[in-house]
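Asks: Feature list, courtesy of TrEMBL:
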type: REGION; residues: A:23-49; note: region 'Disordered'
type: REPEAT; residues: A:289-323; note: repeat 'PPR'
type: REPEAT; residues: A:324-359; note: repeat 'PPR'
type: REPEAT; residues: A:390-424; note: repeat 'PPR'
type: REPEAT; residues: A:496-530; note: repeat 'PPR'
type: REPEAT; residues: A:531-565; note: repeat 'PPR'
Amino acid sequence: MLWRCNWVKQRRKLINTLSFSSLHTHSSPNPNQISDLSRHRAASPKPPLTHDDVYSRLRESSPDLKTLTFFFSCAKQSNYFHDDRAFDHMVSVVERLTHQFKSIDRIVEALILSGCAIKPRVLLLLLEIFWRGHVYDKAIEVYKGMSTFGYVPNTRAMNMMMDVLFKYNLVDRALEVFEGIRVRNFFSFDIALSHLCSRKDLDLVRVKMVLKMMIREGFYPNGERFGQVLGVFCRSGCVAEGYQVVGLMICCGVSASVNVWSMLVNGFFRSGEPRKAVDLFNKMGCSPNLVTYTSLIKGFMDYGMVEEAFSVVSIMQSKGLAPDLVFVNVMIHTFTRLGRFEEARNVFLHSLKNGNLVADRYTFATMLSSLCVSRDFDLRITIGTETELDLVMGNSLMNYLCKVGNTLAALKVFRNMSNRDLALDCYTYTGFLTALCQGEAYGHALNMYDEIIKRKRIRLDAHFHTVMIDSLVELGEYSSAMRLFNRCVLEKRGLDVVSYTVAIKGLVRGRRMEEACSLLEKMKEDGVMPNRRTYRTVISGLCGEKDKDRLRKVLRECIEEGVELDPNTKFKVVCFLSRYPRDCSEFRSVFEKWRENVDVSDSCDELSVSAG
DNA sequence: ATAGGGTTAG
């Protein structure tokens, strides 16, 4: 759509240029030329057409076939170009004709019978009318008709056809047309670029290819297209290319706006180059704005540069920049990541009220997750149940409702989401299963689990399976949980360390310590390394069962692998093994170290929890 | 349609 407007604008520009140049020639002071001109005018049988005249005659004309013929005959006159109004009027005319004559061939036949000569220009105009009226199937028919009549479509016709094919999602065919254009013009490239950049399955190789061709053939994108191309590169982690595009842009005399710099700063952070992001920020050609600062804060936080992030916040405050909603959302997220839940909540409660801002889906999703992490479910906070759901917001809400124990509400959200046109994802189904199990409908949950797997509609990850296994464990259905776990292993579902740990937890709870220990061995064979939570599960289980010998073996492994236990588990181990001084002699030095470091590791643990 | 923000498990 956008480029279409440009096209029209550009055409107008062209018309203006043309009339300007002829005016220029005609207003030459040479008296001979003036008399030439007046003679020419006198000889001309018809007065020049005006857009107003043509439009009113089109409106009054009937039947439709005659109107179309008249439209063609005007276009035949040199220096007359139909305006938008005329084209738009013709859309309904040809729609009626299409209805009446069924096929393009029949319309053409009828035109010939009424004395209209079928020339390339006629078909081109017909194509444009259909194209403008979004009647793309007919546009294709006209285009095909061109070759039937022996005409070779020109650049303009091919540009339109390429656009239609892109709109039909036939990218390969669109690009075939693009490549088949003998003399590509600015629009050929502009159309191709705009479509390629706005596709969901973005193909950067093709974007690059078209951009390179464009420049090689002597054209440059306009500022708008430059911006779109740049955005595409920056968002998909190809900031280096984005940087080149900006270079090109500046060479073309399009000055880089603060938006452009913001995109690059953000792009460098996203592609893992915080240093370059900061360098660029320091030397950007114009003064940063709220968006630039927001990108910096988010970027710094992503790299654990907390002080830097907050110094940016101070700079913003000193500059008196008023926060907007995105900034508020980023701050809620930032405080949550730092475990500063109270502050996150205050931003939510107060900034929104004082700043005249209305919380949106991002706000709610972030805030709900904040409440879940803090485990502090405050009923005073009204969550956005009235806000229209989108995928992420719905997923967050389901998760939150499960955590507060409102299973029914969670299921209601799921139903709501299913009825909307949302592409439900792994998070959604994971939440759904959690809610079902929580509602003690685990039999139903298992059926749904099978159903979802069979349907193969979405890519499932370890989370999805783990939640099902864990729910069964939490319900005390240990054998059912283990059956599912083993099935997932057999079916190679890509289980991870959490999945194994959950299964081990099930065995521990079912007091099947021997199996728990062999699973610990097996997971290593399967290439999944146990972490401190895995060892904690096994070790505290063994302490509980007072299984001294197995404990020693597992503890030895844990220490050998350099996995640091949490203070609680260390305490349990020391308490238990100290009863058998002879058996724990091999751990004496380790226990000593644990005692020495107890404060340090305590605070470490605290920190790691806070950092999420 | 030129910028920046959000969701899961033990």
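Just so you know, glycine gets a Cβ as well, placed from its N, Cα and C.
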Asks: Would you mind splitting the repeat 'PPR' (A:496-530) into helix, strand and coil residue counts from DSSP?
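Replies: Going by DSSP assignments, the repeat 'PPR' (A:496-530) contains 26 helix, 0 strand, 9 coil.
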Asks: What residues in the same chain, six or more past the boundaries of the repeat 'PPR' (A:390-424), come closer than 8 Å to it by Cβ-Cβ distance?
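Replies: Residues 361-362, 364-365, 368-369, 371-372, 375, 377, 383-384, 431-432, 434-436, 438-439, 458 contact the repeat 'PPR' (A:390-424) from elsewhere in the chain.
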Asks: Mean pLDDT for the repeat 'PPR' (A:531-565), rounded to an integer?
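Replies: Result for the repeat 'PPR' (A:531-565): average pLDDT 95.
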